[in-house]
């Protein structure tokens, strides 16, 4: 249970005051005005003039911070335990496979745009022979189709063509009545790009409400339930329902975005309320700011690592469970569709997500947040004339107020972020690295299926290895590697990015060496281990890094910015990779782009100054406290 003891920190010295400001270059140092306000705080105060609804109801306790207990951390880890199998197993493995397969089942060969694709549920017709029991054939269309296919594939514009040509064997999906054709491998990538666009709008709309009152936990559970139901909707997908499959992926992934924003925003609250960080606050100037940064970073990395590890352990269990289900379908002679086992296991993950909302509801405790001042909106009293109508109007006004507040606070956060140069630098680096790592996963899965001809069961095994390695990365990096080398979070993050660059480099080697460079399916298992370690490390370090840079009391808004940056970048990566595949019909070439993204992010993260960023956040927080 939650420890209800509150420590008053309003009179204590902020962690990062004093010497940090002295270390800032004079050109960057905030210049105090006569009344002690900085240009940053003045800008913030001016933006907030006339918006008194930011005031909180419990003004007497607004500076009090509840002490983080073990049960608080466990409750927070449960959110990750429930949701992580969706993003790891469903988004990372099964939905790309299902969308590619369902597109292939309904696609045609690029060479003639008539013949069914290789590996589809529709068999390629063969011309009957004279000794066939059906000669002349009962369906002459088959003969005409086959003759046209053979003619078009062997002779085009007087030039002999080979049936082994990748261009001829490429499979495309006709969309909108055949007005456009896209490569079946890029169909999943375009779907995820659209889902991220929808997710971005959703995250902006709900971010303001997540920081007000007790809505953070309520929104987390609501979006989790809705996402789980959309995921379970794959149970009723038909072999020709490729549009429906995409829509379900878009809605489910959008709901996960809402869950991630609410869940991640708890991290900085737990870190700031931890006994270790409170002791650093109380120590004042007796401890150097650099030591405070390192120690606070270790606490943040440790709590973040626990959440990441719990999510990956959960994803590992689910991946093993779904592997057994796929294995059962493999030996079932009555199953004639390749998408049947995939849609069943996707629905199972959705059921897992739904059921574990029960312990999340029980153990995850809400944290008191400032309420919107909505005195102009009166809740109707039961028994009033037209009570139902008034209640509907009240709910609509409440919804509109929070929706407007979400966009207003995001605009304010953008204004603030422009003045917080280290947050800007971090978000730019995060925009690039999150896009690269996410797209590496989906691109590698599609490459393994189409080029290496790996089965769904083999790719499930790849997922298991990735999860085991990710668990190791999320535990070893914050608890062993980072303390052993006495690295800051920034140094550890740059190390893990360098580690991740090995993956696209290895695949690119395949252009020059035939024996190495991901030409054989066995190599995918080794790359999965390497990728998993980097995935666990980045997931742990990035959000703990960011949580140290944001102002207290604005966790959901700034984590919405974090999520928008993350998901916004995920629009570009899959879209660009999809274009490369549509143009070249060769997935391996996409890894040049992915390598460039990883390399570019390193100097951007190197520019971030943690001490300066924390000082900027402290100034901004102080200006908000004065305004309230």
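Just so you know, glycine gets a Cβ as well, placed from its N, Cα and C.
Curation plays no part in TrEMBL annotations; they are all automatic predictions.
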TrEMBL record, transmembrane segment, of the ranges 393-414, 525-546 the matching one is 525-546
Any idea which of 309-329, 372-392 is down as transmembrane segment in TrEMBL? 309-329
Contact set, same chain, for the transmembrane segment (426-447): CB under 8 Å, 6 or more residues outside the stretch: 92-93, 96-97, 100, 185, 188-189, 192, 417, 459, 462, 497, 500, 503-504, 507, 518, 524, 527, 531, 534-535, 538, 542, 545-546, 549, 561-562, 565-566, 568-570, 572-574, 577, 587-588, 590-591, 594, 597-598, 600-601, 604-605, 608, 613
Cβ contacts under 8 Å made by the transmembrane segment (219-237) with residues that lie 6+ beyond its boundaries: 79, 82-83, 86, 90, 98, 102, 206, 209-210, 244-245, 248, 251-256, 258-259, 262-263, 339, 343-344, 346-347, 349-351, 353-354, 357, 360-361, 364
Run the contact check on the transmembrane segment (243-271) against the transmembrane segment (459-481): 3 or more C-beta pairs under 8 Å, excluding pairs closer than 6 in sequence. no
Cβ under 8 Å, sequence separation of at least 6 from the ends of the transmembrane segment (459-481): give me the contacting residues as numbers and ranges. 88-89, 92-93, 97, 298, 301-302, 304-305, 308-309, 312-313, 315-316, 319-320, 322-323, 326, 445, 448-449, 487, 492, 495-496, 524-525, 528-537, 539-541, 544
